[in-house]
Every structure is written in C-alpha cells, then in structure tokens.
C-alpha cells in the first residue's frame with residue numbers, strides 16, 4: 001500500500017536538530033507536517049494536516065517514536081531483550097505474565113487463526129527461520145524434508161495458550177512465536193491512537209504500507225489518497241488510487257521478499273498448514289478494517305489461502321478485501337462485496353474491479 005503524496009512541500013522534522021527558544025517553538029509550520037524514519041526493518045511516515053507550531057510538532061514526533069519503541073520492545077524477534085523473545089525462551093508449559101498489548105495481539109492472532117482454519121499462525125516462526133526469511137541468519141536455500149516435517153509437527157495455534165483474564169500465556173510445545181503478520185498493524189493502531197489522544201483530527205499514518213487515515217488532507221476537505229501497489233519485483237508503482245477517510249488499510253504481498261533456487265521461486269509467505277511457501281496466483285491482499293492489527297492479520301491469512309478460499313472467507317466474515325491476482329500477462333483485481341459496498345459502485349467501476 002502506497003500513500004499518495006500531496007503536491008505541496010511538507011515539513012520533515014528530525015529530533016535533535018530543532019532550535020531551542022520560545023519564539024522558535026511557537027513558530028507555525030506549513031501544512032502538512034511529516035515525520036518519517038526507519039523502524040521494524042521497514043519505514044514509518046506520519047503526515048499531519050492540522051495546524052501545528054514547531055514545538056507541538058516536536059512533541060508529537062517524540063510521542064510517535066515512543067509508541068513505536070514500545071511495540072518494538074514488546075514484539076520484536078530481532079532484539080534479545082524484547083518481551084516476545086523472553087516468552088519464546090520460557091520453559092514449555094510454564095505460564096508467563098505478559099503486557100496488555102502482547103496479550104491483545106496474541107488474542108487477535110488466535111481469533112484469525114481459528115477463522116482461517118490455521119492459514120494464520122503466529123507459531124510459524126521456526127518454519128520462517130528454516131526457509132531463511134526470519135531472524136536466524138541462514139543461507140537462502142530449500143530445507144531438507146526431514147527437518148521441515150520436524151518443525152511443522154510443532155507448529156499450530158494449539159501450541160500456545162492465552163489467558164486474557166489473568167494476562168498470561170504459555171507455550172505448550174517448543175514453538176517460536178513470530179508476530180510479523182500482525183505487529184506492524186498493531187503499531188499503526190498505536191500511533192494513530194496517540195495522535196487521536198492529542199486532539200489531532202487530520203492525519204495519515206503509514207507504517208511500511210499499513211495505513212490509517214483520519215479526517216482530511218487539507219482545508220478543502222479533500223480525502224487522503226492511497227495507492228494499491230502493483231505486484232512488481234523491481235519498483236514501487238500504484239496500480240489503483242483510492243480516496244480514503246477515517247479508515248484503516250493493510251496489505252500483504254509476496255512479490256518483494258523471495259529467493260530462487262534451481263529455477264524455482266520461493267516466497268517469504270509460508271503456509272503454516274504445509275510448512276512451504278505459497279505457490280498460488282494471488283500476489284497481494286488488501287483489507288480495510290477499523291483495526292489495523294486485525295486488517296494486517298486478515299491480509300496475511302488470505303495471502304496464504306489463495307483466491308477462492310480467501311474470497312469465501314471475506315464473504316463469510318463480511319470483510320472488505322481487494323485481491324491482485326497474477327494472470328498470464330499482468331494481473332486482475334478482485335473485490336469482496338463488503339469492499340464494493342464500502343467504497344461505492346462508482347469507484348469500483350472506475351477501478352475496473354470484479355466483485356466476487
């Protein structure tokens with residue numbers, strides 16, 4: 001998912017270089033104001049259309065960074081001191097007290113795992129590592145069958161137990177929990193909630209393509225515009241542009257992170273049910289949902305499931321879903337009925353979407 005930039009010059013702030021002093025702090029900034037940087041092995045970009053002074057903008061940027069750091073400290077598998085890594089290293093069968101946000105994300109993950117019949121599964125970390133896409137440093141190569149089956153036997157939503165009332169969880173088998181399919185969405189929610197709590201009415205949060213739009217992009221009440229990224233290996237290009245207002249959108253795609261061995265392409269998206277990279281024609285799944293964590297998890301599950309199975313799930317759950325499906329030449333775009341209802345028939349026709 002690509003945020004389509006507004007055709008004006010934005011102000012990009014960087015902590016630590018702002019001048020001190022009341023007069024500088026009170027100086028009004030041109031709209032929009034944008035904060036951006038690297039996080040979670042990806043990027044973040046926050047665009048605010050509200051009127052801000054330089055001092056207000058600095059305080060907001062500090063709050064955004066605090067929210068992102070909090071999620072990283074809780075859910076990263078790339079830092080040994082994270083709460084999730086401590087859980088992954090805890091004794092099997094032993095209850096571990098966990099933070100509210102980690103319990104919340106584990107509960108969302110469990111719900112999506114159940115609804116998708118295991119297509120979404122956060123216990124897949126060992127398989128992701130085995131296929132060289134995780135936190136373990138491994139050469140990119142196809143694993144041997146015996147090792148694959150051994151790790152697959154451990155995986156499953158029933159391998160962890162979550163007690164939301166007691167705010168604790170435990171591993172029932174020696175699995176490696178990887179929240180890569182939901183944590184980024186949760187972080188996007190956290191940043192948007194922080195801005196909402198500060199009274200910011202018009203903002204666009206973009207965390208590695210997971211987006212939340214609030215209000216409008218300018219004083220003329222123009223909607224924010226986001227691009228549906230074309231499934232291209234070598235460049236970023238929007239295949240569709242959608243106007244959005246007060247909506248959360250997440251996209252999961254398989255067209256960037258992959259490796260090739262002996263002429264075979266291996267996607268980073270692993271099907272937890274088989275232990276192998278997906279091989280179907282669906283290149284990306286975009287989900288609109290009130291919660292970006294839920295949207296992120298649903299998009300990940302449906303990318304695993306493929307065309308027919310994911311559209312059936314979208315109809316069953318009333319989900320707003322857009323699929324890009326590879327064809328012999330190019331790709332086709334398929335939308336769920338709820339997606340069409342939300343964005344309207346005129347836009348659906350303009351985008352050339354098939355509703356199924």
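Placement of Cβ uses the backbone N, Cα and C atoms for every residue, glycine included.
All annotation found in TrEMBL is predicted automatically rather than curated by experts.
Per TrEMBL, Mg(2+) binding site is recorded for 181, 296, 300. DSSP assigns residue 296 (Mg(2+) binding site) to a helical segment in the three-state reduction.
Using the Cβ center of 181, 296, 300 for Mg(2+), the list of other same-chain residues with Cβ within 8 Å runs, in sequence order, 120, 180, 182, 184, 185, 250, 252, 297, 298, 299, 301. Across the binding-site residues listed here (181, 296, 300), the residue whose Cβ sits among the most other Cβ atoms within 10 Å is 296.
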